[in-house]
Amino acid sequence: MKKLNIIFAGTPDFAATHLQALLNSEHNVIAVYTQPDKPAGRGKKLQASPVKQLAEVHHIPVYQPKSLRKEEAQAELQALNADVMVVVAYGLILPEAVLKAPKYGCLNVHGSLLPRWRGAAPIQRSIWAGDTETGVTIMQMDIGLDTGDMLHKVTTPILATETSASLYAKLAELAPPALLEVLNGLTSGQFKPEKQQDEQANYAEKLTKEEAKLDWNMTACQLERNIRAFNPAPMAYLTLMVNEVEERIKVYQAEVLPHQEKTVGTVLAVDKNGIQIATQQGVLNITQLQPAGKKPMSVQDFLNGRGDWFKVGSVL
C-alpha cells in the first residue's frame with residue numbers, strides 16, 4: 001500500500017466522519033476544503049462546518065473558496081500536488097481543471113447504490129421510493145452529476161422502520177471503511193472502474209416543504225414512507241382547523257391499515273392506538289406527532305387536552 005497525500009473536501013457531519021477515518025489511517029491529509037463559514041443560530045454568528053472544526057483540531061490547512069471556477073483557486077489547489085482528492089458532501093461544483101489536478105483524480109463517496117439515485121437526496125429518496133436496500137458507492141468523479149465510473153459498492157438493507165436519520169447514521173458507519181479500502185488499493189489497480197448504466201439512473205431531488213405536507217390522495221403506503229423519508233427534515237406534516245386557527249402538526253410515525261371506502265382525508269377513528277385517516281388506498285394510522293411548540297408525543301399524550309382536534313367523520 002502506498003501512503004497517499006490527500007486533499008479532503010467536505011462540509012457536514014457525514015463528511016467529518018470520513019475525514020476522521022482518513023486521519024486515523026496511514027495516509028496523509030495535506031489540506032481540507034470546506035464551505036465558507038455561515039451564519040447560524042439565533043445570534044446569526046458565523047459557524048464553521050464540522051469538517052473545518054475537525055481539521056483545525058488536527059492543524060490541517062483549511063481552504064474555503066466560494067467557488068472553484070476561478071483560476072486563482074484552481075492554481076492554489078494544483079500547487080498542493082496531491083495524489084488524490086476525496087470529496088464527501090462538499091457542496092461546490094468541481095470544474096474539470098480541479099478533477100484533473102490530483103495524480104489519481106477525485107474520488108467521491110455517494111450515499112446510494114449508483115446509478116439508482118444520483119443527485120442531492122439519495123438517502124431520503126431511497127426510503128421515499130420503497131427501496132429495500134441501499135448502500136454507498138465510491139466513484140471516480142467526472143464532470144457529470146454523479147455519473148463517474150464506480151470503483152466499489154457496499155450494500156445494506158433498508159428496514160421497514162428506517163428513517164432518513166437512521167439510514168444516514170448507518171451509511172456513515174459503512175462508508176469510511178469502504179473509502180479506505182479503495183484508497184489502500186488505488187495505486188495497485190485493485191478496484192476496476194465500472195461504467196454506470198445511465199438508463200437505470202434516477203435523479204434524487206431535494207425534499208421540499210411543499211412535498212412534506214401529507215396528501216390524502218396518495219396511498220397510505222406512500223404516505224408512511226414519506227413520513228420516514230422526511231425525518232429529520234423537513235418533517236412530514238398535516239394541517240387542520242382548530243377554533244378557526246390553522247394548526248400545523250408534524251407527523252413522526254404511522255402505520256398502514258386495510259382500506260376502507262371513505263372519502264380521502266376522512267378521520268375514521270381517534271383513540272390511544274392512533275388517529276386513522278382514509279387515503280386513496282389504505283388507511284394511515286398516525287401514532288406519533290408533534291403540535292407546534294411542543295415535543296414529539298404519542299397519540300395518547302396528544303389527545304390529553306386536544307381530544308376534540310380530530311373529530312371522527314370530519315374531512316381534513
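Numbers here mean position along the shown chain, with the first residue as 1.
Cβ atoms here come from the backbone N, Cα and C positions, even for glycine.
As annotated by Swiss-Prot, (6S)-5,6,7,8-tetrahydrofolate binding site applies to Ser112, Leu113, Leu114, Pro115, with the evidence given as sequence analysis.
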Same-chain residues at least 6 apart in sequence whose Cβ lies under 8 Å from Pro115 ((6S)-5,6,7,8-tetrahydrofolate binding site): Asp146, Thr147, Gln196, Gln197, Asp198, Gln200, Ala201
Cβ atoms other than its own within 10 Å of the Cβ of Ser112 ((6S)-5,6,7,8-tetrahydrofolate binding site), all chains, total 24
Under a criterion of Cβ-Cβ distance under 8 Å and sequence separation of at least 6, what residues of the same chain contact Leu113 ((6S)-5,6,7,8-tetrahydrofolate binding site)? Glu133, Thr134, Gly135, Val136, Thr137, Lys153, Thr155
With a radius of 8 angstroms around the mean position of the C-beta atoms of Ser112, Leu113, Leu114, Pro115, what other residues of the same chain does the (6S)-5,6,7,8-tetrahydrofolate site pick up? His110, Arg116, Trp117, Arg118, Pro122, Thr137, Asp146, Met150, Lys153, Gln196, Ala201
Same chain, 6+ residues apart, C-beta under 8 Å of the C-beta of Leu114 ((6S)-5,6,7,8-tetrahydrofolate binding site), given in sequence order: Thr137, Met139, Asp146, Met150, Lys153, Gln196, Ala201
